[in-house]
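Here is what Swiss-Prot records for this protein:
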| type | residues | note |
| --- | --- | --- |
| BINDING | 209, 211, 344 | Mn(2+) binding site |
| DISULFID | 106-339 | disulfide bond |
| DISULFID | 330-408 | disulfide bond |
| DISULFID | 442-459 | disulfide bond |
| DISULFID | 482-497 | disulfide bond |
| DISULFID | 523-540 | disulfide bond |
| DOMAIN | 429-551 | domain 'Ricin B-type lectin' |
| CARBOHYD | 95 | N-linked glycosylation site |
| CARBOHYD | 552 | N-linked glycosylation site |
| REGION | 115-225 | region 'Catalytic subdomain A' |
| REGION | 285-347 | region 'Catalytic subdomain B' |
| TOPO_DOM | 1-8 | topological domain 'Cytoplasmic' |
| TRANSMEM | 9-28 | transmembrane segment |
C-alpha cells in the first residue's frame with residue numbers, strides 16, 4: 001500500500017511539471033508574437049534591442065517589401081504624404097536587420113578605443129514615425145554606446161500630432177539620451193541644424209537626415225579620421241533605400257562629389273589620380289571636391305572655426321557646396337570614408353513647400369556662395385543661370401570677412417588642386433552662343449541628356465541652354481557634355497567629355513568661320529529639312545550655312 005501511495009505522488013508531481021512546462025511554452029510563444037507586433041507598430045513603450053540575427057519579417061536584411069494587389073490603391077494614396085512608400089515603411093520593424101555591405105578589407109580594420117564622442121543631429125519636418133524612429137534606432141543599435149554623447153532631434157515646426165508628445169514620451173525610454181528641440185517657426189534645414197549644433201555637447205557633430213539607416217561599423221571609421229586630423233570633415237558612403245520598396249542597396253565606393261555649371265551637386269567617377277594617391281586601396285578614404293550635404297561628421301570646434309553654415313542662406317540648397325568650397329579653400333580636407341555606410345531614402349520629389357518657391361530660395365543661396373567663394377568663375381554660373389542675378393541675396397559682408405580672416409585660397413586654386421577634372425574649363429576661347437551665319441539660329445542643348453542629339457533653335461540671347469564653351473582643348477562643351485561625332489554625316493551627339501580629343505576634337509577657323517570635326521574632316525552645318533531641330537555635319541563646302549559665330553556672353557551689370 002505504502003509503495004502504491006508513493007507511486008501516485010511521483011505521477012502527480014510529474015504531471016504538474018508537464019502542465020507547467022506546457023503553460024510556459026505557450027506563454028512565451030504568445031509574448032514573442034506580441035513583441036513582433038510592438039516592433040512593427042506605431043508608438044511603443046519598449047526599447048528595441050539590437051537585432052542579433054536576421055528576422056523573417058518584411059524588409060529584413062534590406063530586402064524589398066512587396067505590397068499585395070488589394071492594397072495598391074491605398075499604398076498610392078499614402079505615398080503622397082511623404083513622397084515615399086509609407087505603407088511599406090510601416091510594415092518594416094523599427095530595428096530591422098541590414099546586410100553588411102562593407103568591403104572585405106573594412107571588416108578587419110581595428111580602430112582606437114579613445115575615439116571622440118559625437119552628438120547626432122537629425123532635423124525633421126512632418127517626417128513619418130517609422131522612418132524617423134528607424135533612423136534613431138539604427139544609430140543606437142549600430143554604434144558603440146560610449147561614442148554616442150546624445151541624439152538631438154530638431155523639429156522644424158512639424159504639424160503632425162504624433163511628432164509632439166508621443167515622440168517625446170517614446171525617446172525618453174531609449175538607452176541613449178535623446179533630446180527633442182522645437183523650432184518656433186518653419187526655419188529650414190540650415191537654421192535648424194545650426195540650432196541642433198548649438199545645443200549639442202559631443203566633441204564631434206554628426207548630421208543625418210531623418211530617413212536614414214546606419215549599418216554595422218558606420219561610426220568608428222568616421223570618428224577615427226577626425227581623431228587623426230580635426231580639420232578633416234568626413235562623409236559615409238550613402239547607400240540607397242528605395243522610396244518605392246525600401247530595399248537597401250549598397251552605394252559605390254567608386255564615385256565622389258562634384259558639381260555642374262548650374263551648381264547642382266553631381267556624382268562622378270573617382271578619377272585615376274585619386275586611385276593612384278591611395279595606391280589602389282579602396283578601403284582608404286576618398287578626397288572629394290564636394291559633399292552631398294545630408295550626412296557628415298565634423299569636429300565641433302572646427303565647425304565653429306570655419307564659420308558653421310552661412311546663416312544668411314534660406315531653408316536648404318547650395319549649403320553643401322558652400323561648406324565644401326570653404327573647407328577646401330580654408331585649409332581643411334573633405335573625405336568620403338569608404339568603410340562607413342549609411343542608407344538614405346532618395347525621393348523623386350519633395351513633399352514640402354516653401355514661401356516663394358524652392359527655385360527662388362536656391363537661386364539666393366547659390367548667389368551668396370558664388371559671390372563669396374567663386375571669384376571670377378562665378379561668371380559661368382551667371383551666364384548659365386542669368387535669373388540668379390536678379391535675386392536679392394542679402395548682406396554677405398560677414399562671410400567675405402570670414403574668408404579674409406581665415407586667409408582662404410582663391411577658387412582657381414581649388415579648381416587646379418582639388419577639382420582639376422571640374423566641368424568648368426579654366427582655359428577657353430569662347431563662352432557663349434554659337435550662332436549660324438545663314439539661319440541666325442544657335443546651338444541649343446534643349447535640356448537634353450547624355451547620348452542625345454544637340455539641338456539648334458532661334459537665338460534668344462539669355463544664356464542658359466544656348467551657352468557653349470569652345471575650350472583650349474578644342475572641345476565644344478555644354479556643362480559636362482561635349483559635342484561628339486562617331487561616324488560620317490553624324491549625328492552630332494552630346495557625350496561625357498573624355499579629354500582624349502578623338503571624336504570630340506573640333507577646329508575653329510576664325511577667318512572662314514567654320515567648325516571642322518577633325519576625325520571626320522567634315523564641317524558643322526545648319527539643320528536639314530528632314531530634322532529642323534538638330535544641326536547636321538557634312539563635307540566642307542565653304543557655304544554660309546557652315547559658318548558659325550562664337551560669341552562671348554557678357555552680363556555688364558555684374559562684371
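For all residues, glycine too, the Cβ spot is worked out from N, Cα and C.
Positions of the features from Swiss-Prot, shown on the structure.
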residue : record              : contacts (Cβ under 8 Å, 6+ apart)
209     : Mn(2+) binding site : 122, 123, 135, 294, 295, 344
330     : disulfide bond      : 306, 403, 406, 407, 408, 409
442     : disulfide bond      : 433, 434, 435, 436, 456, 457, 458, 459, 460, 466
482     : disulfide bond      : 475, 476, 494, 495, 496, 497, 498, 504
540     : disulfide bond      : 514, 516, 521, 522, 523, 546
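When the Cα atoms are compared, residue 95 (N-linked glycosylation site) and residue 552 (N-linked glycosylation site) turn out to be 57 Å apart. Cβ proximity to the Mn(2+) site centre (mean Cβ of 209, 211, 344, cutoff 8 Å) flags the following additional same-chain residues: 131, 135, 208, 210, 212, 241, 294, 295, 343, 345, 346.
Of the listed binding-site residues, namely 211, 344, the sparsest Cβ surroundings within 10 Å are found at 344. Checked against residue 211 (Mn(2+) binding site), the recorded positions 106, 339, 552 differ in C-alpha distance, with 339 being the nearest. Residue 106 (disulfide bond) sits 50 Å from residue 552 (N-linked glycosylation site), taking the C-alpha atoms as the reference points.
Recorded residues residue 339 (disulfide bond) and residue 552 (N-linked glycosylation site) have their alpha carbons 46 Å apart, per Cα-Cα distance. Over the region 'Catalytic subdomain B' (285-347), the average per-residue pLDDT in this prediction is 96. All protein chains considered, the CB of residue 552 (N-linked glycosylation site) has 13 other CB atoms within 10 Å. DSSP assigns residue 552 (N-linked glycosylation site) to a strand.
Neighbour density around each Cβ, counted as other Cβ atoms within 10 Å, peaks among the disulfide-bonded residues 106, 339, 459 at 339.
A sphere of 10 angstroms centred on the C-beta of residue 523 (disulfide bond) encloses 25 other C-beta atoms.
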